Structure formats: C-alpha cells, structure tokens
Amino acid sequence: MFIDEAKIRVKAGDGGNGCMAFRREKFVPRGGPSGGDGGRGGDIVMESTQRHNTLLYFRYNPEHKAERGEHGMGSNCTGRDGKDIILKVPVGTVVYNAESGELLHDFQQPDERLIVAHGGRGGRGNQHFATSTHQAPREHEMGYPGEEFTLRLELKVLADIGIVGYPNVGKSTLISRISAAKPKIADYPFTTLEPNLGVVTVGEMPHEETFVVADIPGLIEGAHEGAGLGDRFLRHVERTHLLVHLVDVSDASGRPDPVADYKTIAAELANFGGELEDKPVIVVASKIDSVNPDKLKKLAAMAKRRKLPFYEISAVTGQGVQQLKYAMAERVRELRKQTQIEL
C-alpha cells in the first residue's frame, strides 16, 4: 500500500450578466424593460468510480475550470447555464481543502457525488428593477463569481495485481514495459528490495481504465518463514485481486525444472496463510527470447492440467506483453465486479 496524492485547483463558472433591454415592437412605442437574467455558472462535481484506482490523471491535469453562464438577452431571455465539470475520482479518495486542511469528503462507495465548487448565480436583468414609479430601469446585475478552491486529494493505493516469482525472472522488466514505473533492473537476484508499484493504462480517454501492479521482490523457498527478503513482502500480495506468476523458461536461471519453480513459489504463498492460496493466478512463461523448448513445454502442460491461463512473453523484446496486459485488465475488471457484488 502507498499513499497517492494530488493537489488541484478548481474554479466554478461565473454567472452570466443580467441584460438591460427594452421591449421594442411595432405599435408599442414605450415598451417596458425586457432584459433577461444571466445563466448560472457550471459547478465542479466529483464523482467516485471503480474504473480508476490512482490519482495519476490529476497529477498531469491540476487545473479545472467550469464554463461560465451566458449573459441574459432581450425579450426576457435568460442566458444558458454553464456546463458542469464532472471529475471522476477512485473509490477511497479523501478530499481536503488544501488551504484550511478541512476534510470535505471521503468517497467510500461508487457513484457518490460532491459539489466541490458551486457556480456563480446569474445576474438579474433590468426587468426585475421596474416599479410603479420607475418604469424604465436601466439597472441590471453582473453575474456572481463561481467558487474557487485548492484541493488536496489523497488515496491509499492497493495493487490490483501482484507479480510473483523467483528472483531475476523478469518481474521488474515486465512492470517497466507495461507501466511508467522505472524499477532498478540488473541481472542478479534481489535487485528489487522494495515493492515497485506501476499504474497500467488500457484504452483511451474518456473510456480508459487503469489498474495497479506490484512487482513483489523475489521469493525463494522459506520466504514465509523470513528467508530471502522475508515474509513482509508477502503481506503486499495479500490484498491484491490477482497473481501473475512469472516462471523463467530459459537456461539462464540455472534451475532445471520450471514446474518445480512454480510449485515452490505456490507453496510459499500457501504456507503464508490467509487467502493467498486461493487467489486467481495467471501463469507466464518468461524470457522466451532465449527459451528452452523442453522447459516451455513442461510449464504449458502443467498450466493446462490445472486449467490456469497461460501466456508466453519476453519483457526484453516485448513479445507477448500486450496480450498479457489486456488479459490482466480483463481479469481485473471481472474481479472488481465480483468484489462489488460481494460488498
């Protein structure tokens, strides 16, 4: 888990100005005031969604300004209201006023809505200022300004997917391929000393989806008892939706049996306890750019026997990475729906 933060500036739309106008029609030489009111400025609205689970969008888009209302017109025509801006935030986002520190809202369920900045009221046209003794008023109101705030967004991010496997099987290279994360990568075990989190984006705005992958530091036999980098990293996997288990099928690993490698790590996950043993798994044959065909065949047969999804990739050349990325996105989407139903 890590804390994702973003600071944004929101400005609701100003109200439109009221109009000063008089009725001018044939045979009506002294028409009364007919100035319409200005439209209301657009609000800035936050809405929680399960389609995203990071604040990455707000890091790159810190300024949000709603449309102002249109000015009033003659013939008592009111100006059009400004369009609201809907900002989609992940469930779990906490919103603070950055200047006062006041907690504004904690989005705990999907589809919650909060107006974080109200649009300004439109000004009144001169029709409102007519009286029995003042029948041709020239007064009219300017629109009122929309609210403007600096907000701080905070989100506790949990990885959707944990990438597991022996040290040096290509986990860090994979996460650098499918996300913007830049983990330290080298050809020796335990390069990764802390979990690396990467945000993966699939699709394009406004329909893009994101999910978070955690590159869990290499596990070895006895990890649940603290061997290698210890059981503290297994705790990072505990709250993920899905495991992607990388197995080296090249000769570089120095280990002759990929099925034994898979079973060793699977046993460590099971021995740790909790729900790790029952998590959905995608099996991935890694380093197929220098594949040992016998190893690949053995691993594929094992995955088929266990009815587990199976993919072949080379994170170095990119072969098979896109197919795996979209399979991960589809599985996360399904698991999020299941979780929502259970809740």
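Easy rule for this one: first residue shown is 1, then count along the chain.
Cβ atoms here come from the backbone N, Cα and C positions, even for glycine.
Marked as domain 'Obg' by Swiss-Prot: 1-158.
Annotation comment: Swiss-Prot describes 121-140 as region 'Disordered'. Residues of the region 'Disordered' (121-140) grouped by DSSP class, helix first, strand second and coil last, total 4 helix, 0 strand, 16 coil.
According to Swiss-Prot, the domain 'OBG-type G' annotation covers 159-333.
Residues or ranges marked as GTP binding site in Swiss-Prot: 165-172, 190-194, 215-218, 286-289, 314-316.
What Swiss-Prot records for Ser172, Thr192 is Mg(2+) binding site, and it gives sequence analysis as the kind of evidence. When secondary structure is read from DSSP and collapsed to three states, Ser172 (Mg(2+) binding site) falls in the helix class.
The average pLDDT the prediction assigns to the domain 'OBG-type G' (159-333) is 80. Cβ-based crowding with a 10 Å cutoff singles out Lys171 as the top-ranked of the binding-site residues Lys171, Lys287. Straight-line distance linking the Cα atoms of Gly165 (GTP binding site) and Ser172 (Mg(2+) binding site), rounded to a whole number, equals 11 Å. Of all Cβ atoms in the shown protein chains, 24 besides its own fall within 10 Å of the Cβ of Ser172 (Mg(2+) binding site).
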